[in-house]
Structure formats: structure tokens, C-alpha cells
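Marked as phosphoserine by Swiss-Prot: Ser178, Ser183. Sequence annotations record features per position, and here Swiss-Prot assigns region 'Phosphopantetheine adenylyltransferase' to 180-358. For 360-563, the entry in Swiss-Prot reads domain 'DPCK'. Residues or ranges marked as ATP binding site by Swiss-Prot on the basis of sequence analysis: Gly365, Ile366, Ser367, Gly368, Ser369, Gly370, Lys371, Ser372.
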Amino acid sequence: MAVFRSGLLVLTTPLASLAPRLASILTSAARLVNHTLYVHLQPGMSLEGPAQPQSSPVQATFEVLDFITHLYAGADVHRHLDVRILLTNIRTKSTFLPPLPTSVQNLAHPPEVVLTDFQTLDGSQYNPVKQQLVRYATSCYSCCPRLASVLLYSDYGIGEVPVEPLDVPLPSTIRPASPVAGSPKQPVRGYYRGAVGGTFDRLHNAHKVLLSVACILAQEQLVVGVADKDLLKSKLLPELLQPYTERVEHLSEFLVDIKPSLTFDVIPLLDPYGPAGSDPSLEFLVVSEETYRGGMAINRFRLENDLEELALYQIQLLKDLRHTENEEDKVSSSSFRQRMLGNLLRPPYERPELPTCLYVIGLTGISGSGKSSIAQRLKGLGAFVIDSDHLGHRAYAPGGPAYQPVVEAFGTDILHKDGIINRKVLGSRVFGNKKQLKILTDIMWPIIAKLAREEMDRAVAEGKRVCVIDAAVLLEAGWQNLVHEVWTAVIPETEAVRRIVERDGLSEAAAQSRLQSQMSGQQLVEQSHVVLSTLWEPHITQRQVEKAWALLQKRIPKTHQALD
């Protein structure tokens, strides 16, 4: 059957009966849709009979909220799918509810196919039912012309995937601080204005649960705080975080898709309290298990400032059924960023001027990042490694190409008695002096680049197809012109300082000063094709490097494999 880029799944079975079938329905839908899957809940609706079915309100109960949570949890095993549960017809217990929309709702990705769990008695793709389904879908949402329709049956499944059924006792996935949630059928209260906050990096299904609950509770406006600047410093692999504007763009599209009747105020979150700590018009705050204490702190802060407490709604974390050894066991952006390590982040450079049978990697990183250990791991996998520090030593040596120009520029007092350049004395001359440093680098960098080209020729002569240039100043020196890809090793600055102090015997202040004189990890990553990290145990670093190497072999053009 054809695969569609976007689809709409209309669920008509009562939620309690739907639970045992949820996994197979999602699996079937994932076979037919390869990008965006919208989900519309209309329990109890029939697609048989002459009357055209109409969208009707669904009471927001704790059972509905739990179902939304478990649907997103079940969808997490289908990582190619961007699932979005539409909330326009899900209504809280409130006296100020706006009427259901009378016009169709526009969607960011108009569905190309409409799917349903509704089943005919004979288990066929009965045309009148499919026609009713298409009419219903197009009366509610903007869909593509010539909308296809499919009734999902068990024979569409490709095997069950783990998902918690709803017909077994489970703790509520959302619980207000007061009152405590009662039965699953208990209606959920609505509020005028509320808030939710987070980093929202690479919007995932746990984010979607948090945001969906907040959207259901809010009837007029939702304030969404998006962490930025200082609040990002403690994040794992912050260099791989999406830029603030990109996170806001994806977040805003999702919010408008699922509940366009709300007014969304998406703002940067620059401190732990944000507007939730000071806005008197806010009534509720949605938090996760991890941020519940932060919500309590916000309420204490509000009381200290003569503001009413917010109603806190706590969401359970979603379990990540596919997490690996060094990843969190919950669905998290941190794990997503870890999985990016070793992947190609942007297209390689085209370098027709380089040897056609050699593919060149430029490996860089801040001091203490472990890039040289990564270079040795790549060497063990078959790469030819060029150490730019070693080339610098060769260039400085008496008779080397940089020796005479450096002595002429800085004087003979930088020499040892035996005529060798005293690099410590030379370093003291240029450190902190931009003019003197530029004089030195203008001499050294072109010479090292020339020596690197000679080493690349040697790699070709030895029959190597991959060459790695290990260089801390790769980008500052402009040596990216010598490579097809830039690979960067990243490490938290605190860990880099610890390693420098331990390795080089420097004080913490001296180590920090060294790092401040270099390009930051963030600046390096912005120009990198592949990112690696030595933050974890050595065998995890090895696994990363092997992954990066294996992916590299798949994308190296055949011309670079000619000597194999």
C-alpha cells in the first residue's frame, strides 16, 4: 500500500475498549504514514447509516488525559512519526467554554490519508463507510485533495509493540496538587490562563503530553516559557541544542495545530520563576515529576509576594523503552542529543582540489576535550592521522621552514643556548598580545598547512583512503579548506578545566584562561559536520567512534575507495 507523508487517524472506539488495540493501531498507522500523524478522538461515533456524523464535544476527564499520555507513550516506538493529538473537541468542565468551530480547522501538514479504527461487520474496506469517513474528516480539518481513506484492521499490524494498557490499575499520569484526582471519569476543571515551561529541544512525545494537558486546562491563554541562555548551561551537550528561534518555531506550530482557539504567549525563560512567579492573572502551572519541586518553589515565591498559589498539575515521565547504557530511562531531549553523536549534521564540503582517492577529516575541540584520544581510536580503525602539533614542532626545529622567520620576527632571545626555539618564552611573548600572536600565526599556519598537504600525499602513497588532521586551531587557522568534514570533540567546560589541571599541572584559573583564549565548543560545533564526546567511559567513546566511522564508510564517494 502507498505510504503517505501525513495522515489523520480518527479513533471511534470507547477508550476502555480501545486500550488493548492501541499498539496495533499505531503500528498499522506507522506503516501507512511516514511523517505527521494527527489523531482525532471521537469515542462512540458510528460511520454507518445515512446520517453524516458530526464532530461533538468529548468531556475532558482524567481517563482522557491518561489515554493521551499512553497514546504518546505508545507512539514513541515509531520514531519516524510526528504524532499530534488534536484537542479542539476535548472540553473541560467550565462555564466559559467557546462553542465548537463551525469552519474547518487548518493544519500545518494537511492529511493525505484518513485512517480509522472503526470496523465494519464483515471486516471489509466498505466504500460507503470510507466515504463517510472522508466527509467527516474534511468537515473538520483542511485535508489534501483526493483524500485517501483506510479502515484499520488487525491484518494491517506487523506485531505488537509494548504499551501499557489502560484497563489495568495505573497511577494517574496527571494529578493536581489539590484536589486529588478521583475516578477516571472525573471531569477536569478548566481555567482562563495558565503556564507551562521547558527547554523544548527537539520536541518529543513527553513534551507533547505536558503541552497537551496545559492546552486542555487553558480556555483562553497559555503562557509557554522556553528556557534560554543561563538556564541552558547545565544541559547535557548544550552545543547540540537547537537555537531558541528554531525551538520556538517547532513549538508554536505544534500548539496552533492541536488547539488553535487558544492564545499562546511563547516567551524566553531566563530564570527559574519566569512569569509564573509574578503574573497575578495565571491560575495553573503544569509540571513534570522532575520539575514539581520547582513548581512548589514558584508557589512559595508567589505567597511571599502576596500572590495566590497556582494550581499545580504534575505529569508522569514517559519511559524510554529503547534507551541505551549511558542514556536516561525516560524520554528526554538529552538522549536525543546523545544519539546525534557520530551522525552527519550537515553535508560535507566538496574539495575537488584535494587528492581524489583520499577523504580528509579535520578533528578539533577545546583543550581537554579528548580529541587526540579520538584521533588514536580512528587510527586504530584504519585512518592516517596527521598531528598538527607534531608538524609545528618540525616547523620550529633548526632548519625547519618556520625557524628563520620566527627568529627574525621575535629575536634571538627566544632561543635556548643550543639554538632551539624556547617555545615557553615565545608563548609568553604572544599570550595576551593579539598583535604579536597574529605575527606568529601568520608565519606558522601556512607552513603547517603546507606540511599537512605533504603528509596527505604520504597517506595516498600508503594506500590510505581516510586521513584525519588533529588540530586544536583547525577553524581559527582556516584549515577547513583542507578537509571534507570537520569533526569536533565536546566536553563541559568544568570537565575540561579538571582535565587540564590534572594533565598539565595548571591552576584552575590558568586552565580557564586557556579555554577563554580558544573558540568555544559552541562555536566549533556550529561549523562541524560530526560531533563526538569523551564525557563517558572509554568503551562508550569507542562505540561512538565506531558508529561515526561506519557511517563515514557509507558516505565516502567511491573515488575515495579506489585503493581498497
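Yeah, the Cβs are placed from backbone N, Cα and C, and that goes for glycine too.
Within 10 Å of the Cβ of Ser367 (ATP binding site) there are 18 other Cβ atoms, across all protein chains. Here Lys371 (ATP binding site) comes close to Leu363, Thr364, Gly365, Asp470, Ala472, Thr488, Ala489: these same-chain residues lie at least six apart in sequence, with C-beta atoms under 8 angstroms from its C-beta.
Summarised as a single figure, the pLDDT of the domain 'DPCK' (360-563) averages 95. The two recorded residues Ser369 (ATP binding site) and Ser183 (phosphoserine) have their Cα atoms spaced 53 Å from each other. According to its DSSP assignment, Gly365 (ATP binding site) is in a strand.
Ranking the binding-site residues Gly365, Gly368, Gly370 by how many Cβ atoms sit within 10 Å of each one's Cβ puts Gly365 at the top. Other residues of the chain with a Cβ within 8 Å of the Cβ centroid of Gly365, Ile366, Ser367, Gly368, Ser369, Gly370, Lys371, Ser372, the ATP site, are Ala472, Ala489, Ile491, Ala496, Thr534. Counting only residues at least six positions away in the same chain, the Cβ atoms of Asp387, Asp470 sit under 8 Å from the Cβ of Ser372 (ATP binding site). Distance noted between the C-alpha atoms of Gly370 (ATP binding site) and Ser183 (phosphoserine) is 55 Å.
Each residue contributes its Cα atom, and for Ser183 (phosphoserine) and Ile366 (ATP binding site) these two points are 55 Å apart.
The recorded positions listed here are Ser183, Ser369; among them, Ser369 has the most other Cβ atoms within 10 Å of its own Cβ. Proximity of Ile366 (ATP binding site) to non-local residues of its own chain (separation of 6 or more, Cβ distance below 8 Å) is seen for Ala472, Val490, Ile491, Glu493, Ala496, Leu515, Gln518, Met519, Ser520, Gly521, Leu524, given in sequence order.
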